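Asker: Marked as transmembrane segment by TrEMBL: 22-44, 157-178, 198-223, 235-255, 261-279, 356-377, 389-406, 418-436, 442-465, 477-500, 506-525.
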Amino acid sequence: MTTGVERLFDELGHFKRFQACLYFAAIFQAISCGIHYLASVFLVETPKFLCDAPSNITDVLYRNHSLTSLADIWTYYRPGDGPVVVRTAGGDQWELSPCLKMLRLDAINFQYEFFGNKTVESCGGFVYDHSEVEQSIVTDWDLVCEKEWLAKLTQPTFMLGVLIGALVFGDVVYITILMATSLCQFLFGVTVAFTGNYYLFVLIRFLLAMVSSGYLVVVFVYVTEFTGIKVRTWTSMHVHAAFAVGIMVVALVGYLVRVWWIYQIILTLSTSPFLLYCWKFPETPFYLMAKGRYKEAQELLDTMAYFNGLPPTLKVSELKDECDGALLNDNNQEDGRAVEVEKRLSILDMFGSLKMAGRSATCWAIWFIGSLGYYVFSLGSVNLGGNQYINLFLAGAVEVPSYLIGCFAMDRVGRKKTCAPALLLGGVACMLIIVVPQDIEILALVLSMTGKFAIAIAFGLIYLYTCELYPTIIRSLAVGSGSMMCRVGSVMAPFCVYLADIWIYLPQLIVGILAFIIGILTLFLPETLGQPLTSTLEEAEALGSKPNTKNTAVDVLEMNKSTKA
């Protein structure tokens, strides 16, 4: 039986009625994080477009298609495959391209090919195909041609907000922060829909990214501190599953609503019921004990016992005595303990020896490729051909079984033997895309979804694996620095997706090559399944080479604390 605060789960249940209700209520709002992270897929969607056409058009030509209205040409028009030729009632003939138009001089016959002189004019405006996208920020603010880079900058700036949010909220787990970030998600989410210009849109989305990232960080720790160690792997990984549900919601709402500001409002309102009950959430028992709020902690224990159908016999005083200073503010810390705190603040300790340096570099690489691959597959799914809404929905749906299989494999075959094969599978699947004929879109989609499935497994388990690979004195630093590499990957992901303009499968190929290489490096990491958490660098470095008999009672508490990073 465990000791300290962790013992409450042995007494009151690791995941009984109280924890289950609180868990599903808390991760419901995590759906909104998945929604806002991926909403830009359709917010900044660029439909087919041409330079503004002159008035009084009587005839339209495109290749061998002859029509009377420019609106009818979109079914046949393919960007980059020649201009659209129009004739006005006055007899003028124009060649319309996406970013310029040309007036034919002295044109007599109205035909597609023309070898005479032309005058080139810049676009005064643009004509858009509204059959698929009725209204997006691209069509509202003409973010095409020389302004195209502004549209492409929206997702990277959002991901930068995610990074800043992780830094700002990474060390706080108060229930007030949980409620504040939820409320701000709602307010900023609705405000985005009513921004009148591009720059205000980007600013509000940046703030939305910060609070969304903050909620995701806080809720991960929150649900971890309310579930026992027997189910903690499952509950922590399935916070990501709620995020995946958010991706599926984006695909569904994007299919049903083609006006961007209505789409944004509906997405925001979809999780608004959370605001009606989040104010009833209690502080975690770990937080109450650490802050010395023992009366509130006792009330919480009694409430948990009541909801779980157990007698309220567990007393805070018993937990307090067993903690042995692990979770209380101790003003009489030993000098050696102060040295440990100082060590925990030094990132150089992660690279103190060749073995630890290799381990740290590999862990950072897994964090990086996990995030890069996750968002490349999610954001890039709409570029794979076929129905973009189905593609995005599948990109979210494949995550759910990946976490179930990942959890099962982690506890059966081990962390390394789950992570490495997952990365290798993802790498092989993505590299096989290069040999797929471009007209067989379904095969490319299957390979891409296989890559997303595999990357999601590795991405989901790296949190726990990192905790187990490092000792107590630098565990928080290891998880925090790994999380920073994760954010770097998420910021770079949109730029990687834009490489699809060069070749449609280039982003997946890049992720595949990196995942395969990192998967091979992962094979050199030690296995941590069944190993107690280490407390010193010497013990951590010895992982995989000799058994460790360190007492685990305090380690479990330290691991729980480290997730706050």
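Placement of Cβ uses the backbone N, Cα and C atoms for every residue, glycine included.
Note: TrEMBL annotation is automatic and uncurated.
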Asker: Sort out the residues at least 6 away from either end of the transmembrane segment (506-525), same chain, that have Cβ-Cβ distances under 8 Å to it, and list them.
Answerer: 358-359, 362-363, 365-366, 369, 372-373, 376-377, 380, 416, 419-424, 426-431, 433-434, 447-448, 451, 454-455, 458, 469, 496-497, 499-500, 544
Asker: Out of 22-44, 235-255, 356-377, 389-406, 477-500, what stretch is closest in contact terms to the transmembrane segment (261-279), meaning most Cβ pairs under 8 angstroms?
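Answerer: The stretch with the most close Cβ contacts to the transmembrane segment (261-279) is 22-44.
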Asker: When each of 198-223, 389-406, 442-465, 477-500 is checked against the transmembrane segment (356-377) for Cβ pairs under 8 Å, which one has the most?
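Answerer: Per the Cβ count, the answer is 477-500.
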Asker: Return the stretch with the most CB pairs under 8 A relative to the transmembrane segment (442-465), choosing among 22-44, 198-223, 235-255, 477-500.
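Answerer: Highest pair count goes to 235-255.
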Asker: Six or more residues out from either end of the transmembrane segment (198-223), which same-chain residues have a Cβ under 8 Å from its Cβ atoms?
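Answerer: That would be 22-23, 26-27, 29-30, 32-33, 36-37, 40, 137, 141, 143, 150, 153-154, 157-166, 168-170, 172-173, 175, 177-178, 180-182, 184-185, 188-189, 191-192, 235-236, 239, 243, 281, 284, 463, 563-564.
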Asker: Going along the chain, which residues at least six beyond the ends of the transmembrane segment (22-44) come within the CB cut-off of under 8 Å?
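Answerer: 15, 133, 136-138, 143, 151-152, 154-155, 158, 162, 178, 182, 185, 189, 205, 208-209, 212-213, 215-216, 219, 222-223, 226-227, 235, 238-239, 242-247, 249-250, 254, 260, 263-264, 267-268, 270-271, 273-274, 277-278, 281, 375, 378-379, 382, 392, 396.
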Asker: Near the transmembrane segment (389-406), which same-chain residues lie under 8 Å Cβ to Cβ, leaving out any that are not at least 6 residues past its ends?
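Answerer: Those are 34, 38, 41, 237-238, 240-241, 243-248, 250-252, 254-255, 377-378, 381-382, 418, 422, 445, 449, 452-454, 456-457, 460-461, in sequence order.
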